[in-house]
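Here is what Swiss-Prot records for this protein:
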TRANSMEM  28-48  transmembrane segment
TRANSMEM  72-93  transmembrane segment
BINDING   His78, His178  heme b b562 binding site
BINDING   His92, His192  heme b b566 binding site
TRANSMEM  109-129  transmembrane segment
TRANSMEM  174-194  transmembrane segment
BINDING   His197  ubiquinone binding site
TRANSMEM  222-243  transmembrane segment
TRANSMEM  285-305  transmembrane segment
TRANSMEM  317-337  transmembrane segment
TRANSMEM  344-364  transmembrane segment
Amino acid sequence: MAPSLKKIVLWSFLALPSPVNISIWWNIGSLLGLLLAMQIMTGIFLSLHYTPMMVSTFSSMVHIMRDVPGGWLVRASHANGASMFFMLMYAHIGRGVYYQSYILQPRTWLVGGNDFLLSMATAFLGYVLPWGQMSYWGATVITNLLSAVPYLGDSLVTWVWGCFSVNQATLNRFYSFHFLLPFVILVFVLVHLLLLHDKGSSNPLGNMSHVSKVSFHPYFTWKILWVFVLLCFLLYVLLCYITLMYLRTPKTFIEANPMVTPTHIQPEWYFLFAYAILRAIPSKIGGVVALAMSVLYLYTFPLALYSSAAATAYNFIGQLLFWGYVSLFFLLTWLGACPVEEPYISLALPLTVMFFVVPGLYMISSSYIIRSFQFLLSLK
């Protein structure tokens, strides 16, 4: 290993100066990296036995679960690991919003947004691969949303499908991209890490103080390893042994039948908030735009660069707005799993409007509090 590369690795993982007062919320990024590595490894093992053929895909999944030694554990680890990955990713994003990392490190925030989008795309592609009833119809419904694009919509849908319906060509494309995208995510994660360590990590005070810092190793490496051990215990003992497929939709275990449409089509739980927003808008193109903005709005947070950073812990209004926003996320997730009927339809629209309004109010409130403090200090 070249000396320069060795120095970069040691600086990034061992000798990095880290604030002494960071809490467990700052460990989530490292846990996400470990989970990403685990997902890549389990995915490679699954790909050794998976058959991307419409006539035998579902049978190959049954073969993995029944005949391959430890195959059931590998598949359960991969499926439940994806759920845990998104749990931690949402917590990681929430920590960044709460402590306003988008102001302190805007470039790192934007690259992290790319990681989030690529992770969502990878998870959606993987959801289709078992070729169950919900997988097939989920792919049909979600990809058909591209038809809302003016002029190019129908051509885009045909291009994604590879034909005039979801078929063998679609499965081949989804399998190829699901295998490749995690490595693209890995590249963006490394860029995210380099940008983060370029300026140093923030702290619960909401600043970039360089006064009190310690070496990342051994003070924080052991802490991360202990949390990762607890995470593995939760994943394998509770999710893989006790509740093997509790987070999966039951219709996923029924082989795909293009002639029978499920009464209720829904994605995985970590996409339900966006799915509820999609269904809340009566217009198809309006729903697609709202669906896209429910994720892309994260890129607007660095627009608050005109203000200084201040932790939400010192902003009571910001705390109310932040936890209100978290409540909206959970409510929309619940509504996304509910059938399309009253009163769920009437509840979804106002919650969707609030979902887009509250983040803007949060950023405005933070800027207002900061300017108020600056004004009071100027009076002294």
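Cβ coordinates are placed from backbone N, Cα and C, and glycine is handled just like the others.
Values in this document were obtained by computation on a predicted structure and should not be read as measured data.
All features noted in Swiss-Prot, drawn onto the structure.
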residue: His78; record: heme b b562 binding site; Cβ neighbours (10 Å): 18
residue: His92; record: heme b b566 binding site; Cβ neighbours (10 Å): 21
residue: His178; record: heme b b562 binding site; Cβ neighbours (10 Å): 21
residue: His192; record: heme b b566 binding site; Cβ neighbours (10 Å): 24
residue: His197; record: ubiquinone binding site; Cβ neighbours (10 Å): 18
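For the pair formed by His192 (heme b b566 binding site) and His178 (heme b b562 binding site), distance between Cα atoms is given as 21 Å, rounded to the nearest Å. By number of Cβ pairs under 8 Å, the transmembrane segment (72-93) is matched best by 222-243 from the list 174-194, 222-243, 344-364. Highest Cβ pair count under 8 Å relative to the transmembrane segment (285-305), across stretches 28-48, 222-243, 317-337, 344-364: 344-364. Cα-Cα distance from His78 (heme b b562 binding site) to His197 (ubiquinone binding site): 30 Å (rounded to the nearest whole number). Sequence-remote contacts of a segment are chain residues at least 6 beyond its ends whose Cβ falls under 8 Å from one of its Cβ atoms, and for the transmembrane segment (28-48) they are 64, 74-75, 77-78, 81-82, 84-85, 88-89, 91-92, 95, 178-179, 182-183, 185-186, 189, 193, 196, 224, 227-228, 231. Same-chain neighbours of the transmembrane segment (317-337): 90, 94, 97-98, 266-267, 269, 271-277, 279, 344, 347-348, 351-352, 354-355, 358-359, 361-362, 365-366, 369, counting only residues six or more beyond its ends whose CB sits under 8 Å from a CB of the stretch. Beyond the ends of the transmembrane segment (222-243), by six or more residues, the same chain brings 24, 27, 30-31, 34-35, 73, 76-77, 80-81, 83-84 to within a C-beta distance below 8 angstroms of the stretch.
The residue listed as 'ubiquinone binding site' and His92 (heme b b566 binding site) are 17 Å apart (CA-CA, integer value). Here the Cα atom of His178 (heme b b562 binding site) is found 29 Å from that of His197 (ubiquinone binding site).
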